[in-house]
Amino acid sequence: MDTLNDSLSLEQLVSVSPRRSQLTMAGIPPINNSGTSTGSALDSTAVSGAHTSLAGTDSSMDSTHGSGAATVSAGSPVGKDSGSGSTPSTDVTQDDDEMRKRRRQRRQRTHFTSQQLQELEASFARNRYPDMATREEIAAWTNLTEARVRVWFKNRRAKWRKRERNQLGEFKNGFGPHFNGLMQPFDDGLYSGYSPAYNNWAAKVPSPLTAKSFPWGLNSSGVPNVNPLSSQAMCFTPPTTIGTATTMVPSMNVGNGLNSLSSLQNPTVAPCPYASPGQPYAYREQCNSSIAALRLKAKQHSTSVASSFSYPSPVRQQTLSACQYAVDRPV
């Protein structure tokens with residue numbers, strides 16, 4: 001019975017297996033009724049199915065790999081463009097760099113108090129170029145750092161040099177623009193006598209003046225050889241007889257007497273071209289006369305006192321008037 005059942009089952013399998021193989025797979029050789037052919041057909045069917053599944057897997061992997069490669073190849077130009085062109089990320093980094101630079105350039109300004117400024121100005125007036133030790137001392141006095149003191153002195157020296165240059169320019173330009181409105185421009189017409197041609201004044205002098213004979217002589221250009229001050233002294237130096245004349249006539253005008261005496265002694269000599277001075281020592285003569293009067297009174301008082309006692313009276317000198325006493329004394 002067991003053998004019959006096995007044969008029946010094999011026959012059923014053999015009868016069914018060709019149809020299944022024809023339906024499922026193509027290109028399989030016909031199956032014989034023998035058991036060996038049936039087993040080989042089944043084995044070939046399984047192998048072909050496994051191969052088909054593996055081929056499908058490989059194709060899917062290839063398609064996946066191809067799509068990934070396409071994706072990578074499509075994304076690679078974007079990466080190149082991002083490196084070459086400007087993107088928002090690079091703009092942000094540039095803005096950050098600019099902000100950092102601005103923050104570095106911005107420095108905190110030092111606000112000095114009035115006491116600190118007063119101390120710094122006094123130190124600058126004493127020494128414009130302090131050394132390190134002096135700057136440290138000033139920093140200790142003013143409660144500042146040495147760097148702040150050094151920067152302050154540097155700026156103060158620059159300000160001082162600028163002010164000096166401006167003042168020098170104002171002096172060169174004629175007391176600056178605010179003084180130019182007060183000063184009138186030089187006009188040759190108004191000051192023709194003081195023009196550069198004043199050296200040729202002998203050519204402008206009329207002929208009668210040049211024709212006169214002067215005791216001190218003239219050079220080729222007609223200019224006196226003697227200094228005007230010395231010539232003035234020569235004109236007004238009195239001769240030896242003037243002293244006796246003035247003592248005899250004290251009330252006579254000295255200037256007129258000098259001119260008259262010089263004209264009498266030298267009638268051929270031309271008169272002095274300079275005007276005769278008046279009486280420049282009138283105030284001194286008044287002082288001398290008052291002093292002489294006081295001395296005279298003192299002498300009279302001393303003689304009166306001496307005469308009241310029994311002392312021998314000294315020889316009385318000849319009393320002179322105040323005017324004669326003042327004239328006799330050299331001025």
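Placed from the backbone N, Cα and C atoms, the Cβ positions cover glycine too.
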Annotated stretch (motif 'OAR', per Swiss-Prot) among the listed ranges 261-274, 289-302, 303-316: 289-302
From 25-44, 145-164, 165-184, the residue range that Swiss-Prot assigns the feature region 'Disordered': 25-44
Structural state census, the motif 'Nuclear localization signal' (295-299) (DSSP three-state): 5 helix, 0 strand, 0 coil
Averaged pLDDT, computed only over the residues in the motif 'OAR' (289-302): 84
